[in-house]
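S.K.: Here it is, the structure, as structure tokens.
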């Protein structure tokens with residue numbers, strides 16, 4: 001029962017869209033109505049409101065970290081297996097991608113996945129985020145940074161995580177993130193992908 005509660009709570013937490021929350025707080029248009037129409041930090045940044053984008057980024061990453069941290073704590077208290085941690089990680093990510101509060105139409109999960117990785121292993125999170133930052137600095141393309149980071153995250157996880165089920169969870173999250181970027185991949189191949197801070 002505790003396992004079900006932890007995983008379902010993680011999904012509900014993931015369903016909270018901080019892009020929508022931040023846009024409401026800063027009196028901005030709904031992020032689903034402009035730019036890439038993606039409720040994420042990069043799209044919110046297109047409004048020019050860096051503070052709103054920061055709130056979105058920290059909120060989306062924070063919920064990923066909290067879900068994993070709660071599962072770890074619950075696992076210790078109730079002596080649950082690593083399956084609960086993996087389940088919570090996947091649930092919070094799926095909540096962000098398919099939020100019940102937004103008719104199951106959510107974001108692409110970049111910030112949330114970063115929070116999840118930090119929760120699983122700080123070095124895993126730091127390595128993946130560093131990969132994103134380096135690619136972003138060179139290319140100024142958020143989606144390319146996310147895609148390369150997603151490709152490398154399972155490799156980092158293989159060396160940093162001891163449990164196979166956690167490595168599997170990271171791999172599934174990476175695959176889902178890449179699938180969510182299908183349109184971005186097409187735009188990248190066509191040379192039409194927007195750069196960070198620019199209109200889509």
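Just so you know, glycine gets a Cβ as well, placed from its N, Cα and C.
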S.K.: If you check Swiss-Prot, which stretch out of 138-158, 159-179 is marked transmembrane segment?
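M.R.: Of the candidate stretches, Swiss-Prot labels 159-179 as transmembrane segment.
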S.K.: Which range, 53-73, 116-136, does Swiss-Prot list as transmembrane segment?
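M.R.: Comparing 53-73, 116-136 with Swiss-Prot, transmembrane segment matches 116-136.
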S.K.: Cβ under 8 Å, sequence separation of at least 6 from the ends of the transmembrane segment (116-136): give me the contacting residues as numbers and ranges.
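M.R.: Answer is 61, 64-69, 72, 85, 89, 92-93, 110, 142, 144-146, 148-149, 152-153, 156-157, 160-161, 166, 170, 173, 196.
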S.K.: In terms of Cβ proximity under 8 Å, which residues at least six beyond the ends of the transmembrane segment (84-104) contact it?
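M.R.: Answer is 3, 6-8, 10-17, 20, 32, 39, 60, 63-64, 67-68, 70-72, 74-75, 112-113, 116, 119-120, 163, 165-166, 168-170, 172-173, 176, 180.
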